[in-house]
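To start, the structure under review is shown below, and the notes come after it.
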Amino acid sequence: MALPVYYDKDIDLGVIQSLQVGIIGYGAQGEAQALNLRDSKVKARIGLYQGSLSVSKAKKEGFEVLEVKELVQNSDVIMALLPDELHKEVLEKEVIPFLKEGQIVGFAHGFSVHFNQVVLPKGVGAILVAPKGPGSALREEYLKNRGLYHLIAIEQESSIHNAKAVALSYAKAMGGGRMGVLETSFKEECESDLFGEQAVLCGGLEAIVRMGFETLIKAGYPEELAYFECVHEVKLVADLLHYKGVEGLRKHISNTAEFGAIKAREPMGKLLKKRMQKILKKIQNGSFAKDFLLEKSLNYPRLNTERKALKETKIEQIGEILRAPFNHKK
């Protein structure tokens, strides 16, 4: 099923330009979105808690910084650009008690709304505006007069403003209309995003890379060669896949590599498909969200243990040496 797609010519930038936007958070996304809004002639202010290390940075870049509850009381559109696991705590204390009918609260990911961590009052709009890329890329592409694909979704309508028109206009201010703004739902964005991260982009890729590296090491191959073949060259293939697609990738590799890929895909594909279906099921039934929020409540014991252990692995130790020339050039 094809999603509706909107471009600059379809979207009225004046909608968001007529409203006061408040951005909660000034991390990578918050900074990039605030700067893009300003360059798109949109009024934007930043909301941060007292003592935040980001206050001086936001002020240095010319933004007015308010406490979160004050920002909420003086904004038409409030963008919650915080880590997913902080939404419930921050919004319940600093945002929801101060909302008025007609305001709109926006999110860059559907997690907290879809999994009922955040429930907004009736008459307050809930929109999703999700750039398909990190904050650094969002800003860089905007400055090059290009943009990233954006997803928008409407979970709840505003009693005053047209939530869809606001979401589209906001995405245009981000540069999204230059590339394409696709309309979806909070559910679809959230579940597909989590699945992509876990099964392919982060979890899946890391598992394949590490297992490949360890397989070669165990078989007696030098660590340097194992790293080159299983880690270093991933970027070359990923770039081809990004710009050329699967067929284009096939056309740019040798017959040996293509035939080997087909042979390897057959046994690996069957196993991966079953595992991926289980991963998706746990996302859909809320098991993953429950586990993640429990992890947060315990102050991230699993994450902290994994991060510490990763530093001691052979793949990281040899990788640090081999990456040094590239990092030095930067």
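Quick reminder: no glycine exception, Cβ is built from N, Cα and C everywhere.
For H109, the entry in Swiss-Prot reads active site. Sequence-distant contacts of H109 (active site), defined as residues of its own chain at least six apart whose C-beta falls under 8 angstroms from its C-beta, comprise D84, L128, A130, E189, C190, D193.
The Cβ neighbour count for Y26 (NADP(+) binding site), using a 10 Å radius and every protein chain shown, is 24. The NADP(+) binding site annotation in Swiss-Prot covers Y26, G27, A28, Q29, S52, S54, G135, and the record cites sequence analysis as its basis.
What Swiss-Prot records for D193, E229, E233 is Mg(2+) 2 binding site. The local packing around E233 (Mg(2+) 2 binding site), expressed as other Cβ atoms within 10 Å of its Cβ over all shown chains, amounts to 11.
The Cβ of E197 (Mg(2+) 1 binding site) has 14 neighbouring Cβ atoms from other residues within 10 Å, across all protein chains displayed. Among the features that Swiss-Prot reports, Mg(2+) 1 binding site is placed at D193, E197.
Around S254 (substrate binding site), no same-chain residue six or more apart in sequence has its CB under 8 Å from its CB. Summarising the annotation, Swiss-Prot assigns substrate binding site to S254 and lists sequence analysis as the type of evidence.
Summarising the annotation, Swiss-Prot assigns domain 'KARI N-terminal Rossmann' to 3-184 and lists sequence analysis as the type of evidence.
Annotated domain 'KARI C-terminal knotted' per Swiss-Prot: 185-329, in sequence order, evidence recorded as sequence analysis.
Each residue contributes its Cα atom, and for Q29 (NADP(+) binding site) and E197 (Mg(2+) 1 binding site) these two points are 18 Å apart. A count of other CB atoms within 10 A of each Cβ picks out G135 as the most crowded of the binding-site residues G27, G135. Just so you know, the Cβ of E229 (Mg(2+) 2 binding site) picks up 14 other Cβ atoms within 10 Å once every protein chain is counted. Put simply, of the binding-site residues E197, E229, E233, the one whose Cα is nearest the Cα of G27 (NADP(+) binding site) is E197. Taken together, the residues of the domain 'KARI N-terminal Rossmann' (3-184) have an average pLDDT of 97.
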